[in-house]
Amino acid sequence: MKVTLPDFRRAGVLVVGDVMLDRYWYGPTSRISPEAPVPIVKVDAIEERPGGAANVAMNIAALGCHSRLVGLTGIDDAARALGARLSEVDVTCDFVAVATHPTVTKLRVLSRNQQLIRLDFEQGFDDVDAAPMIERIQLALPKTGALVLSDYAKGALARVREMITLARAAGVPVLVDPKGTDFDRYRGATLLTPNLSEFEAVAGPCKDEETLVSRGMKLIADYQLSALLITRSEQGMTLLQPGKDPLHLPTQAQEVYDVTGAGDTVIGVLAAALAAGNSLEDSCFLANAAAGVVVGKLGTSTVSPIELENAIRGRAETGFGVMTESELKQAVAVARQRGEKVVMTNGIFDILHAGHVSYLANAQRLGDRLIVAVNSDESTKRLKGESRPVNPLAQRMTVLAALEAVDWVVPFSEDTPQRLIADVLPDVLVKGGDYQPHQIAGSKEVWDNGGDVLVLNFEDGCSTTNIINAIKRRAGQRTVV
């Protein structure tokens, strides 16, 4: 199944549901409390992340898609923290603040990556007037490519049937992450995304694939759905649609550290892809790939376009090929989160030869990821004359990207890559030839950041100029210097 990423930037998704704040307290534990037989955690780090429907909205925004979030909060520090964090990642918040209720907050205490306890602060919003929620939805629907209803049974979706009716009347697909066993309240939705246990709680235990499919199709008919996506943990996910064969997508997870928020990622990526114009099948494929990435992270997390692109290409999450500067910065950030050492070099690489290959292999051995910055055609002409480059930029970058030693290839248009190096700040900056380290463009910035600057030897007798001159001699033309 070949799927490409759509242009998420042209899409908009409205998320409505139960927003919450996930708080994490981290610290070591080395002794038992004298007051009770419980461990003492010395808290040395605190983290706050949007959860529930807010995590769905973050996953959508992380792809570059316009994300608007409607939900209920209290008037408290948790609501302010939630709004501030969401604003940082370009989620448009349209909250209804309720003075009589606290913002739903879940506090987790962790030590050595193990969760010791979770404390929930919540009252439920079932008794709150939902009219302001409906008004906000009506105003947002005309600019929305898809509506996500994220149900955590906290009361924000008390009038969910009305929300579905409004969206369908506006021609907007409705995707629901359900909660509980009353699926009738989601009647008429475009798609439901229950996990296997949620599905079986409604449809009954499924001993085999045939039973799962038949009961899923019955559920679609009973509740007038357009489709059903059952997420099945290590068994992947299954898409059911009337009149079509079931589509089973095997899991793509390589390592599973934490499944917290994985369902939010699935429905968020699925909605963003649909809103951007992908088919439902292709959107499910992308959502499945995103789930495989996010479960490899700790806590509620998002997936970037770079990670998703790499996941669907079946390569390592942070490494492949030709990139723009903004994509490179994202990829480097992901690599650093994994503790990887980033090496960077630059050059024209006009006619790739054995000396280049040997040099790049040696550079790659200095770290975990190798960036090659390549002079643009205009930059090359200024440095080498009007007869260069022999090969245009796109071809030079394609050849470099095919080398096993190279992770990322990025162009630059200036005479030197100093600005780009200062922006990326690699752990190791490498240049080949007879330079002194202080002469290398970007060396000061790398040193100031605590990095290393190294000079590697080129292989004797190998140069692009020598190759060009040899070709010209054989053709009887004037050689170049």
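Cβ atoms are placed via backbone N, Cα and C, with glycine included.
Per Swiss-Prot, these features apply:
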| type | residues | note |
| --- | --- | --- |
| REGION | 1-318 | region 'Ribokinase' |
| BINDING | N195, L196, S197, E198 | ATP binding site |
| ACT_SITE | D264 | active site |
| REGION | 344-481 | region 'Cytidylyltransferase' |
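Taking each Cβ in turn and tallying the other Cβ atoms within 10 Å, the top scorer among the recorded positions E198, D264 is D264. Residue environment of S197 (ATP binding site) contains 9 other Cβ atoms, counted within 10 Å of its Cβ in all protein chains. In the structure shown, across all protein chains, N195 is the one of the binding-site residues N195, L196 with the greatest number of other Cβ atoms within 10 Å. Sitting within 8 Å of the Cβ centre of N195, L196, S197, E198, and not among those site residues for ATP, are the Cβ atoms of P194, F199, E200, A201, I230, T231, R232. Secondary structure of the region 'Cytidylyltransferase' (344-481) per DSSP (helix as H, G, I; strand as E, B; remaining residues coil): 56 helix, 26 strand, 56 coil.
N195 (ATP binding site) falls within a strand segment according to DSSP. DSSP assigns D264 (active site) to a helix. Using Cα positions, the member of the binding-site residues N195, L196, S197, E198 nearest to the residue listed as 'active site' is identified as N195.
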